[in-house]
Amino acid sequence: MNILVINCGSSSLKYQLINMTNEEVLAQGIVERIGIDGSILTQKVEGRDKYIIETPMESHKIAVKLVLDALVDNKNGVINSMDEIAAVGHRIVHGGERYAKSVLVDDEVVKYIEECIKLAPLHNPAHIIGINACKELMPNTKMAVVFDTAFHQTMPEHAYLYALPYELYKEHNIRKYGFHGTSHKYVSAKVAEVMGKDIKDLKIVTCHLGNGASITAVKDGISVETSMGFTPLEGVAMGTRSGNIDPAIVTYLMKEANYSLDEVNEILNKKSGVLGISGVSSDFRDIEAAASNGNHRAQLALDIFHYRVKQHVASYAASMGGVDVVVFTAGVGENSPETREEVCKGLEFMGINIDPAKNKVRGKLTEISSDSSKVKIYIVPTNEELMIAKDTLALISK
Ligand code: AMP
């Protein structure tokens, strides 16, 4: 049984077709520049050359149609007809407070995702366009939505509320939601599985360190604290996002330095983080290369990033009353031995001891703690698409 996983962005669409019998990825691809010049679809199938379609794509509907055509294409496709797609699973960034679990798509669900546009103005509109495009093109195929926020809906009130007037929560939904939930859920479940433990018996800190980065405390199998907040801007410094800052900096910049609201927004989301500090790049490979060539600001950017992640790991042990496992995942977490080593350095007092030799590995599920480490440390490659496909399959099988 095949599940199509779709992740619609404002001008892009990523997809994977997964055979759920053996969890094999039959095809994966990305459509870029939807609605602008130079639209392009690139599909990859294991053992074959890339299949590239360059043609104008004015809308997401056209993009979805091309994806379906590419999947059933005589020469480059992987299935014979669309009937071989049992269901579609959509990644949705914001599910507000209503959805703590994935659900099948119906009109009410779409209406609520629409209501959440005010909480995720860049993402949720694109998701709705993707859902509607699939509905038109595959009216008889079931669809599910999997929310980035859902896993964090278990956070206790004292963790998700900001110390603002309570009315702002009631009237404007101002609270911590948390993101990357699908990834945190996947890697925490996976690490429990490989350790041969019941997740309910573990206190896990999951570090999703990619271009966007978030840390989560998972206790008894549920999220009890996470670093991203009302939006994905809160938490550690990221590729281009500032992470935590004194909120007074915003009003200061606007009042004293004449920055407009849009400019401040742009600075915090696009010009800060390791890019803003280093002035080199938002890509950790470029920054690590520049730092090893003696670039002070590049090294400073890395130091700030490592320091902030370390602080979160330690404070989440406090949130849970201890920690049994630390997990590294996503682009940087899976691939940068330096990041993992620097994050763990100084946490020996908590029983966190990394093994430098075991840590010399990239992108592989591995234990990297030393034999004497009280806390286990793992690299667990994330797989949000598989998680979305599994949730979708579970929902259509009910
Ligand atoms: P993601 O958002 O999870 O796709 O992660 C993207 C980030 O992972 C980028 O900043 C990449 O530079 C980083 N990354 C990928 N491979 C490596 C590597 N070998 N060493 C350090 N960073 C890496």
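Glycine residues also receive a Cβ, built from the backbone N, Cα and C atoms like all the rest.
Pulled from TrEMBL:
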- Asp148: active site, proton donor/acceptor (ACT_SITE)
- Asn7, Glu384: Mg(2+) binding site (BINDING)
- Lys14, His208, Leu209, Gly210, Asn211, Gly212, Asp283, Phe284, Arg285, Gly331, Val332, Gly333, Glu334, Asn335: ATP binding site (BINDING)
- Arg91: substrate binding site (BINDING)
- His180: site 'Transition state stabilizer' (SITE)
- Arg241: site 'Transition state stabilizer' (SITE)
Under a threshold of 6 Å between Cβ and any atom of ligand 1, which of the recorded positions Lys14, Asp148, Asn211, Arg241, Glu384 are retained? Asn211
Neighbouring C-beta atoms (10 Å sphere around the C-beta of Asn7 (Mg(2+) binding site)): 23
Could you give the Cα-Cα distance between Asn7 (Mg(2+) binding site) and Arg285 (ATP binding site), in whole Å? 25
For Lys14 (ATP binding site), the one of Asp148, His180, Glu384 that lies nearest, given that the recorded positions are compared by Cα: Glu384
For Asn211 (ATP binding site) and Arg241 (site 'Transition state stabilizer'), determine the Cα separation and express it in whole Å. 9
Largest CA-to-CA spread of ATP binders Lys14, His208, Leu209, Gly210, Asn211, Gly212, Asp283, Phe284, Arg285, Gly331, Val332, Gly333, Glu334, Asn335, angstrom: 23
Distance, Arg241 (site 'Transition state stabilizer') to Asp283 (ATP binding site) (CA atoms, angstrom): 12
Lys14 (ATP binding site) -> DSSP, reduced to three states, gives strand
I'm trying to understand the geometry here, so how far is the Cα atom of Glu384 (Mg(2+) binding site) from the Cα atom of Arg285 (ATP binding site), in Å to the nearest whole number? 23
